C-alpha cells in the first residue's frame, strides 16, 4: 500500500535541546565529524488504495494542523512513497 | 467498624463543612480529566479547600452540556495521551476542548468562561491557541521537580486577583517540557499588554524566554502556567515556607481569586 511521508523539523531559529544532546554524545563513540545535530519527526500515513490529489491535500492539511506546531516546527516535506 | 481516613480527608471535611456556609460554595469549578491526567484530583481538592464546588469533566464528552454548567474550568497537569506527538497536541482535539475553547473565547465579555491551565493544561492551552507560544524540552533536558519561587506580575486576571502585584509565592514545579518559547514579536506584545502573569524568581529553571512561568489571554479569563499551585493549598502537604516544612499554601490564591470573581468580583 502506498504511504505519504511527512517530515517535520524544529524551526531553524529554535535551539533543539534533543539535537544538542545527541551532538554532545556522538564524539564519545568516536563520531567526531559532525558539527551539529537537529532532530525531527517522520510520519508515515498509509493509504488504502491510490493516493488521489484529495488524499494528498488531506495529508498536507493534517501536517500543518496537527502533525506540526507552527510556533516551533516546520513541515519540510510531504511526499508519496510507493511500495 | 472504624475506617481509616484518607490522607488529609479530615481537613477536607472541615473545609467542606465551612464551605456549605460559604457564599463561594455556589461557584462550580470544572476539572477536566484526560487519559493520562495526574493532578485532576489535586485540582478538585484545591477548589474544595478554597470553598468552591468541584465538578468532574470528562474529555470525551461533546456538545454544550458537556461543560455541565460550570462557572470556570481547570485543565490539570499530567501527561495526557502520554505526551505523544507533542505535549497537549492530541488532547487539544478532544470534544470537550472544543466547548472550552468556544466558551473561553466567547464574544460577550460577560459570558467569558474562566480557564486555568496548569503544566500539561498550559501546554494544551497553547496547542489550542487560547494562549500564544509553545513549550520545548527544558534546556538542560532533565525532568525537574522542586519548590519554585514566582513573582506575580499581573494581579488583575481572574485567577490572580487575591495576590498583591509583585508578590513572591512558592509552589512546586515538576516537568520535562517546561521551556516557554514564542517569537520576539509575541513576547514583546505579551510584555506590553501585561500578559506575563508569572515570572520565575532566581535561576531560570528551564530556559523559558524572559523567565516567563505563566501568561494570560487579553481578557484575563484564561491563564496558563507551568508550576503547580494546586500542590500548595494545604498545610502539611505544601512546599517549605517561613513557618516550617511543608507548610506553604501560596497556591490557594488562584482558587480563591476565581471564586471571589464568580460570586461578586470584589474582595
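The backbone N, Cα and C atoms fix where each Cβ goes, glycine too.
TrEMBL lists B:119 with the feature active site, nucleophile. All chains included, 29 other C-beta atoms sit within 10 angstroms of the C-beta of residue B:119 (active site, nucleophile).
In sequence order, B:39, B:42, B:77, B:118, B:119, B:171, B:172, B:173, B:174, B:251 are the residues near residue B:228 (active site), counting only same-chain partners six or more apart with C-beta under 8 A. What TrEMBL records for B:228 (among others) is active site.
Annotation for residue B:230 (active site): spatial neighbours B:39, B:42, B:43, B:45, B:46, B:74, B:76, B:77, B:118, B:251, B:254, B:255, criterion Cβ-Cβ under 8 Å with sequence separation of six or more. As annotated by TrEMBL, active site applies to B:230 (among others).
In three-state terms derived from DSSP, residue B:228 (active site) belongs to neither a helical nor a strand segment and is classed as coil. Taken residue by residue with DSSP, residue B:119 (active site, nucleophile) is part of neither helix nor strand, so it is coil.
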